[in-house]
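This is the structure I want to talk about, given as C-alpha cells.
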Amino acid sequence: MKILLFLCFLVSVAFAKPPTIQLKSNTKSQNGFIVGGTEAVDGDAPHQVSLQHTSHFCGGSIISERWILTAAHCIDADDLSNPGGMSVRYNTLNLKSGTLVKVKSIKVHEQYSNVTSDNDIALLETVASMNLNQTNAVAAKLPAKGNDPQDGDLFLSGWGTLHSGDTTIPTNLQKVTVPLTNRSVCAEAYTGIVNITENMFCAGKMGIGGVDSCQGDSGGGAMLNKELVGVVSFGVGCGDPKYPGVYTRVSQYLDWIELSAKSSATTLVAVNITLFLTLFIGAIW
C-alpha cells in the first residue's frame, strides 16, 4: 500500500501544472488598483495616464507632449485598426476627472511576443498635444542607455486591482514602493514558467509579498530615482511572495522609441507635402 501511495505521489508531481503568468491588464470593462498601496496625492505621479475605451483598462506614461509609453499586451487588433477608439485620460488622480485626448496612432514593438512577453512595449501618439507642466501632468524622464535596475525601490502607481482576479474600481490613483529583485533570483523563481530576458527586470518582496502592481496596472510606469525605468508587464498573481512582478526594461528601447517617433513625424510631413502639391496643382488647373 505504501509503495502504491508513493507511486501515486510521483505521478501527481510529474503531471502538476506550473503556475501561469498573468498579464497585468484588465479586460476593457474592468478596473482596479495597486496591491498594498495608498492613495496618491497631487504631484506623486504626474506621468501617469489611464488608457480607456468606455472605461480604464491599462496605464501608461507621458514621455512628451504627443507620446505615451505603455505595454504591448495592452493593445489588441481592434486598437490597431481603430486607434481613435482609444482615449488617454491625463492630469488627474481620479478616473472621473482630468483631460481626455484621443489616440492618433499606435506602434507596438515589432518583436513583441505574447508567448514569452519579451519586448512588451508600445507607443501611443495623441491627436493633439497634451497640456503639460502641470502638477499632475509632466513628461517622465527616460533613463540612460544601459540602465539596469537591480537595486533600490521602485515607485509604482495605477488603477490596478487589489488582488488577482478582483474587479473593484477605485476612485483615486494608488501608489506603492516595491524593492527591486536581482535578475538571477527572479529568473530562478520563474524557471519552467517563462524566461526572464535582459529586456526585463523584476521587483517584489521575496518571501513576504503583499506589495505589487496588479491587473489594470499594465503599461504604467515603474520609476526609480525619478526616471521611467520600466513598464508594468506580468507576474504570477499579484504580491505573491514566491514570484516578483516583471517589468519591461525601458533603457533597452531608447533607440526604438526615438525612431518610432521620428517615423511618425516623417509620415506626417510626407502627407502634408502630398496634400500641398495636390491643392497647388488643382489651383493651377
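Just so you know, glycine gets a Cβ as well, placed from its N, Cα and C.
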If you check Swiss-Prot, which of CYS202, CYS214 bonds to CYS186 via a disulphide?
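Answer per Swiss-Prot: CYS202.
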So CYS58 is in a disulfide according to Swiss-Prot. Which of these is its partner: CYS8, CYS74?
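That would be CYS74, the partner Swiss-Prot lists for CYS58.
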Roughly how many Å lie between the Cα atoms of CYS202 (disulfide bond) and SER218 (active site, charge relay system), rounded to a whole value?
14
For a quick check of packing: other C-beta atoms within 10 Å of the C-beta of CYS186 (disulfide bond), how many?
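So the number of other Cβ atoms within 10 Å of CYS186 (disulfide bond) is 22.
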Going by Cα-Cα distance, which of the recorded positions (ASP120, CYS186, SER218) sits nearest to CYS74 (disulfide bond)?
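Closest recorded candidate to CYS74 (disulfide bond) by Cα: SER218.
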Based on DSSP, name the secondary structure state of SER218 (active site, charge relay system): helix, strand or coil.
coil
By CA-CA distance, flag whichever of ASP120, CYS186, SER218 among the recorded positions is nearest to CYS58 (disulfide bond).
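Nearest in space to CYS58 (disulfide bond), counting only the recorded positions, is SER218.
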Specify the nearest of the recorded positions HIS73, CYS186, SER218 to ASP120 (active site, charge relay system), where nearness means the distance between Cα atoms.
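Checking each of HIS73, CYS186, SER218 against ASP120 (active site, charge relay system), the shortest Cα distance is to HIS73.
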